[in-house]
Amino acid sequence: MTLLQPDKIILRQLGLQPYEPVSQAMHNFTDRRTETTPDELWLVQHQPVFTQGQAGKAEHLLMPGDIPVVQSDRGGQVTYHGPGQQVMYVMIDLKRNKVGVRQLVTAIEDTVINTLAHFHIESRARPDAPGVYVGEQKICSLGLRIRKGSSFHGLALNVAMDLSPFQRINPCGYAGMQMAQVSALAPGVGIEDVHPVLVQEFVHLLGYPKVELRNWNLHDYE
């Protein structure tokens, strides 16, 4: 059963980008969008950065060292972004499409669970902690913000990355939380394998009839 029937969704592939300019572009896009603006998905990998969510507490930053710490207005606590992690920003007009925040969170979690199942990885969501887990290890973090009835921020799926920076924090505020990644569970699988499935699953779950690939240029959001 699909959740909504919009006309299309725009897909933009950003490659490897620093966090702050992309975050600002997301804000600008959301502030400027109107009731007729198409929804968008942005696929990006970020240069190494710790981001503190709105609920973030300083004590969960154990020893950030040379990795910058950036305050974010997404939900949740501290997490790490770096190369080899697939971030997908979800900019959906909830009000126009009559989708609740809880519905969207569940759809994003199911998108990741279905994507991992494609690579024969069994995973699950947890009612007490947003995200997706393989056993007790976290493989995907999730954090959203809603403004003017529209979502931004999204998910971060560990695919083939250096997980050691997670040891410098309490991921998502949980001391000792262990992290998993796709490449350790499905050897040989990389970002280029994962992101088409991720998009396909999201589009299917939310009922978009068409995906339109467009270029991304930071200057368009200044």
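Residue positions begin at 1 at the first shown residue.
Using N, Cα and C of the backbone, Cβ positions are placed for all residues, glycine too.
Taken verbatim from Swiss-Prot:
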DOMAIN    35-210  domain 'BPL/LPL catalytic'
BINDING   ARG74, GLY75, GLY76, GLN77, VAL78, THR79, TYR80, HIS81, SER141, LEU142, GLY143, GLY154, LEU155, ALA156  substrate binding site
SITE      LYS138  site 'Lowers pKa of active site Cys'
ACT_SITE  CYS172  active site, acyl-thioester intermediate
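Features recorded in Swiss-Prot, as mapped to the structure shown.
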residue: ARG74; record: substrate binding site; Cβ within 10 Å: 22
residue: GLY76; record: substrate binding site; Cβ within 10 Å: 22
residue: VAL78; record: substrate binding site; Cβ within 10 Å: 27
residue: TYR80; record: substrate binding site; Cβ within 10 Å: 26
residue: LYS138; record: site 'Lowers pKa of active site Cys'; Cβ within 10 Å: 23
residue: SER141; record: substrate binding site; Cβ within 10 Å: 28
residue: GLY143; record: substrate binding site; Cβ within 10 Å: 23
residue: LEU155; record: substrate binding site; Cβ within 10 Å: 24
residue: CYS172; record: active site, acyl-thioester intermediate; Cβ within 10 Å: 22
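Of all residue pairs in ARG74, GLY75, GLY76, GLN77, VAL78, THR79, TYR80, HIS81, SER141, LEU142, GLY143, GLY154, LEU155, ALA156, the annotated binders of substrate, the farthest apart have Cα atoms separated by 15 Å.
Each residue contributes its Cα atom, and for ARG74 (substrate binding site) and LYS138 (site 'Lowers pKa of active site Cys') those atoms are 18 Å apart. Taking the Cα atom of each, TYR80 (substrate binding site) and CYS172 (active site, acyl-thioester intermediate) are about 9 angstrom apart. If you compare Cα positions, LYS138 (site 'Lowers pKa of active site Cys') sits closest to CYS172 out of the recorded positions GLY76, LEU155, CYS172. Each residue contributes its Cα atom, and for CYS172 (active site, acyl-thioester intermediate) and GLY76 (substrate binding site) those atoms are 6 Å apart. According to DSSP, ARG74 (substrate binding site) is assigned to coil rather than to any helix or strand.
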